[in-house]
Amino acid sequence: SEMKRTQMYFIKCFSSRTSKSTHFQAVGLFTGDMRQFGEWVKRQVFIIQLLDCVLRGVAQVMFVNNPLSGLLVVIGLFVQNPWWALNGLLGTAGSTVSAVLLRLNREAVLAGLHGYNGALVGLLMAVFSAKGTWYGWLLAPNLFMSMLCPIVSSALSSVVSRWDLPVFTLPFNILVCSHIAATGSTHPYFPVLHLHQNNSFENLSLPQLFLSVPVGVGQVFGCDSPWTAGLILLALLLCSPTICFHAILGSAAGMCVGLVLAAPHMDVYSGMWGYNSVLSCIAVGGVFYALTWQTHVLALICAFFCAYMTSAISKLMSVLALPACTWPFCLSTLIFLLLSSENPAMCRLPLSSVSYPEENRVQSK
């Protein structure tokens, strides 16, 4: 009887371990980059592949290669404004189809790397439009500009690839600024909102200050809804807790710099000081560098530097009646990626092997 009890004990232990490992495997199917699902999609018809590419392209704005994360972001965009979300999806699809027609690298297309700039182009063209929502004629320039994204991206890539650097959101910056400069606020068909700096100050509100941190993450997509920001953070957490943490950290850093530089409180509350720092902190904090405590500190420094760049570039661009977009993120992060250090703990990963931070850390060991 004692032997039977011992056998039963070991059987229970083994079965519990097996069930735990099964649960972990099931969770792994939906987290990270969903590689197994991606392999399945490659064998499906074009429409399913396109849908997967669009969702991954939306998520790749935040360096996330996960279609479920992209779906959560899309839901968040519809919560903010259905018209904006529709334009963002059209931009992503147009950019992806353009990359397919140009026969650009298939793996990059399937990973959504030729969709995220189109997503931002479509989304921000709708955000900056003075015609308001459901102005159908905007879809035409939206589709045209988004289909130019792979061309601009490929051209820039041929230059920055000499230093093994990504193009980031430079195509989005170039194309949206070109559209706004070409049309302006007085255009009869495609007028843009008149951009002006807010110089009004209000009493500091701690609840609004606290809320500005997640809202700063949502402002990467031009959204100021806390509900949208919450869904975007959930999307980041699903793929990578490290990315989610650095997004919050970067937004908090941008908020602090905004307060130090005596920015109008409404600008700080709306998250406008945080979104560039969010992207910079994520990029350096585990995506393009293997995550160590040294690169974690470097990511925080980059986030602070990016916030200062945001202030400077915003003032320079306002002279031309143009938005800062993500120019501060691109310039500051490229500077930090060009850092030459002999410290082995601050190792920049080859562009071809970049994945999500947890995978990068495993691969770099």
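Just so you know, glycine gets a Cβ as well, placed from its N, Cα and C.
Of the given residue ranges 43-62, 63-82, 83-102, TrEMBL assigns the label transmembrane segment to 83-102.
Using a Cβ-Cβ cut-off under 8 Å and counting only residues 6 or more beyond its ends in the same chain, the transmembrane segment (83-102) has close neighbours at 50, 53-54, 57-58, 74, 77, 108-109, 112, 114-123, 125-127, 133-134, 138-139, 142-143, 145-151, 154, 221-223. Against the transmembrane segment (109-128), stretch 168-190 has more CB pairs under 8 A than any other of 168-190, 210-236, 272-290, 320-339.
Cβ atoms under 8 Å from those of the transmembrane segment (320-339) belong to residues 120, 124, 128, 160, 163, 165, 168-170, 172-173, 176-177, 180-181, 184-185, 194-195, 275-277, 279-280, 283-284, 288, 298, 302, 305-307, 309-310, 312-314, 346, 348 of the same chain, restricted to positions at least 6 beyond its ends.
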